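Feature annotations, courtesy of Swiss-Prot:
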BINDING   96, 98, 159  Fe cation binding site
BINDING   169  2-oxoglutarate binding site
DOMAIN    78-178  domain 'Fe2OG dioxygenase'
């Protein structure tokens with residue numbers, strides 16, 4: 001499942017984040033690449049330990065913790081600290097799949113990458129190209145979202161970023177270890193939760209059907225979750 005999550009950051013928050021990021025020093029994006037990715041990656045990246053990366057990353061994680069749609073879809077157990085990249089002048093990232101395990105350098109913090117996320121930090125009309133293209137059994141899905149919006153997709157997916165031929169594409173990217181490892185199970189829970197929320201808004205939280213379906217949701221979560 002590929003999901004557009006709008007409004008993770010407000011426009012004002014995006015502007016504050018960009019002020020910090022634009023003043024920072026960027027390096028070759030292959031500093032964090034695996035063997036496969038290094039063959040395809042042509043972009044720049046903010047060093048993981050840079051003060052701007054930590055400050056903006058903390059702001060993003062705070063925003064994610066308050067976003068009900070993100071929680072419902074991802075059921076996050078651990079979130080890898082957000083990283084940041086930028087593309088311009090034909091830079092691109094060819095087709096690849098993300099590493100299954102991400103290790104935070106200098107620590108014992110590890111994340112199984114169940115989900116990948118890209119948070120856009122530049123408006124789509126400010127650059128040409130730069131689409132995130134995610135492949136699955138149903139074809140190729142493209143994302144080029146407003147600044148502050150996020151796209152969430154299975155980390156097992158082949159994906160690439162098309163060349164940026166005008167302007168500059170700036171984004172944050174990170175990985176989530178979900179409480180529910182299996183993408184199919186997680187998708188079913190998300191669909192069920194979405195319907196429960198809609199039914200609750202229509203009939204009220206005390207409606208017997210809402211209570212029954214909520215119980216089913218939590219029993220399935222109890223069965224499938226690793227917490």
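Even glycines carry a Cβ here, placed using N, Cα and C.
In the three-state DSSP assignment, the secondary structure recorded for residue 98 (Fe cation binding site) is coil. Across the domain 'Fe2OG dioxygenase' (78-178), DSSP assigns 3 helix, 57 strand, 41 coil. In the predicted model, the domain 'Fe2OG dioxygenase' (78-178) shows an average pLDDT of 97.
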